[in-house]
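Enquirer: Residues annotated as domain 'G-protein coupled receptors family 1 profile' in TrEMBL: 41-287. Positions annotated as transmembrane segment by TrEMBL: 25-47, 59-78, 98-120, 140-158, 204-225, 237-258, 270-289.
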Amino acid sequence: MAWSNFSQVTEFILLGLSDTRELQLLFFILFLLAYAMVLLGNLLIIVTVRTDPKLSSPMYFLLCNLSFIDICYTSVTAPRVLVALLLGHKAIAFEGCMAQLFFLHFVGSSEMFLLTVMAFDRYTAICRPLHYTAIMARGACWALVAACWAGGFIHSIVQTLLTLQLPFCGPNTIHSYFCDVPPVIRLACADTALTEWLMASNSGLISLGCFLVLVASYALILAKVRARVSQGHWKALSTCASHMMVVSLFFVPCIFTYLRPSGTLPSDKYVCVIYTIFSPVMNPLIYTLRSKEVKESMWRLWKRCRA
């Protein structure tokens with residue numbers, strides 16, 4: 001492989017969240033429950049949206065894509081974490097580590113872009129309702145989703161190539177439960193100052209930029225509906241508030257992780273739990289419990305399954 005000319009390390013050791021066996025079993029149960037909730041909740045959303053013609057609006061099309069991304073995103077880290085917690089297998093091959101790093105950033109950045117598109121969708125629906133159908137046509141929605149995936153791929157390939165060009169010839173212990181750019185490049189036996197700056201400019205600024213766009217879109221929605229007291233606009237405002245809470249759980253930890261100088265903090269690996277596990281768990285809860293249409297559609301699906 002191309003990186004064998006630069007690196008003598010053949011595997012990394014993922015230290016995980018704790019060395020205590022009792023805590024490892026507790027984390028295993030919590031991670032298993034969270035992963036099951038992510039899989040079942042998001043699969044239910046996908047099946048519900050795909051089988052109900054009433055959920056054919058752009059909002060539900062984007063929600064279906066978000067559910068698919070959440071499943072992929074959590075599956076990049078959760079299965080291996082569960083195996084490590086249960087069986088104690090902490091070693092990961094160099095190639096496997098790089099693959100995990102690539103797919104984590106590929107799917108994670110695609111989700112960032114998609115959440116930004118969903119905020120734009122809500123802004124258009126509330127602030128420009130007469131033009132909504134034309135702006136968010138089916139073809140435009142497909143193009144926006146494709147752009148999210150393409151942007152995620154470009155971001156991820158840049159991150160992965162920047163990591164692969166570093167030599168790894170000494171320490172191989174990663175103070176985390178998965179392979180990510182910050183903890184991996186700390187192990188490089190070379191000056192990584194330029195690489196860290198480039199990666200912060202890439203991951204950090206993407207996280208911050210998408211988050212600021214989200215905040216701006218919801219601020220514009222708030223400014224639009226604050227003078228209106230109709231039930232529909234209050235519902236829209238309440239929905240946007242819950243969405244903003246969830247995306248904050250995803251973006252703020254990412255900004256903390258990527259947009260700062262490299263360094264090992266004891267809290268780093270616990271901050272990662274928020275955006276790799278907790279946020280994907282919250283997405284199906286918030287986007288379904290806050291939607292009367294989705295809940296009614298799920299109830300109809302349940303009655304059809306029982307019939």
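Backbone N, Cα and C define each Cβ position, glycine as well.
Curation does not apply to TrEMBL; its annotations are automatic.
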Enquirer: Please average pLDDT over the domain 'G-protein coupled receptors family 1 profile' (41-287) for the predicted structure.
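Expert: A mean pLDDT of 85 is what the model gives the domain 'G-protein coupled receptors family 1 profile' (41-287).
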Enquirer: Is the number of Cβ-Cβ pairs under 8 Å between the transmembrane segment (270-289) and the transmembrane segment (204-225) three or more, considering only pairs separated by 6 or more positions?
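Expert: The transmembrane segment (204-225) and the transmembrane segment (270-289): touching, no.
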Enquirer: Counting only CB pairs under 8 A, let me know which of 59-78, 98-120, 204-225, 237-258 has the most with the transmembrane segment (140-158).
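Expert: By the under-8 Å Cβ criterion, the transmembrane segment (140-158) pairs most with 98-120.
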Enquirer: Can you tell me which parts of the same chain pack against the transmembrane segment (237-258), counting only residues 6+ beyond its ends and a CB-CB cutoff under 8 A?
Expert: 108, 111-112, 115, 118-119, 122, 126, 180-182, 199-200, 203-204, 207-208, 210-211, 214-215, 218, 221-222, 225, 268, 271-272, 274-275, 278-279, 282-283, 286-287, 290-291
